Amino acid sequence: IIVGVKKGGTRALLEFLRAHPGVRAVGAEPHFFDRCYEKGLRWYRSLMPRTLEGQITMEKTPSYFVTKEAPRRIYNMSRDTKLIVVVRNPVTRAISDYTQTLSKNPAIPSFQALAFKNVSTGLIDTSWSAVRIGIYAKHLDNWLQYFPLSKFLFVSGERLVSDPAGEMGRVQDFLGLKRVVTDKHFYFNETKGFPCLKKPEGGSKPRCLGKSKGRPHPKIDVQVVQRLREFYRPFNMKFYQMTGQDFGWD
């Protein structure tokens, strides 16, 4: 299961993985372990694609990562589930999150107004989900009460853009798949500013993510960005320690 995080690059990762013959994935986000749990496991199973022996069944719902009950519920279903978390610089992620909301609701307050409890003191409002999601160390703590670190793969959202084949190599290894998706599968789309999948053999046109991806971000005041960077730094450091990976955000 790709359990997180929102605006990290989860859709790109899922689409890249679907190019692998060993992977079958649900297209839409099922939201079973956060919003639809009362529908029961049979309902959840009914959403899954049919797989052959040796194929992996996948789904992605990025809000699982920040849902308190999700780790326990997934553990109760199967403690052998492999979990993938796509993370990106929490500051950029927050701005991207805001950009998405803004595109749906242009009347919302400014980024600055939402990010700060009090602008003059520089106090950050952690109750705003765009800010809260990026405190990765805190959310991971909750997961590690149920799953060992070995069940997780942390994918860099930045590297998924700059080196998709390299990052996909790590993902395929983690899932125990042959490295089928390689640099031959990708080309860089200059207009969108991120990699797209080349068209499959004898298939249709190249697969690029939809219009909602790669939206231009609004201009955010430099000091606001700086203050957020400072806010996230200790959490980022803790996250690097917990995962044994330096994501180079600082």
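The backbone N, Cα and C atoms fix where each Cβ goes, glycine too.
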Partner cysteine of C196 (disulphide bond, per TrEMBL) from C36, C208: C208
Segment confidence, the domain 'Sulfotransferase' (1-233), expressed as mean pLDDT: 94
C196 (disulfide bond) to R11 (3'-phosphoadenylyl sulfate binding site) - Cα separation in whole Å: 12
Taking residues K7, G8, G9, T10, R11, R88, S96, K213, G214, R215, P216, H217, which bind 3'-phosphoadenylyl sulfate in the record, the widest Cα spacing (Å, whole number): 19
Position of peak Cβ density within 10 Å, selected from the binding-site residues K7, R11: K7
Neighbouring C-beta atoms (10 Å sphere around the C-beta of C208 (disulfide bond)): 18
Position of peak Cβ density within 10 Å, selected from the binding-site residues G9, G214: G9
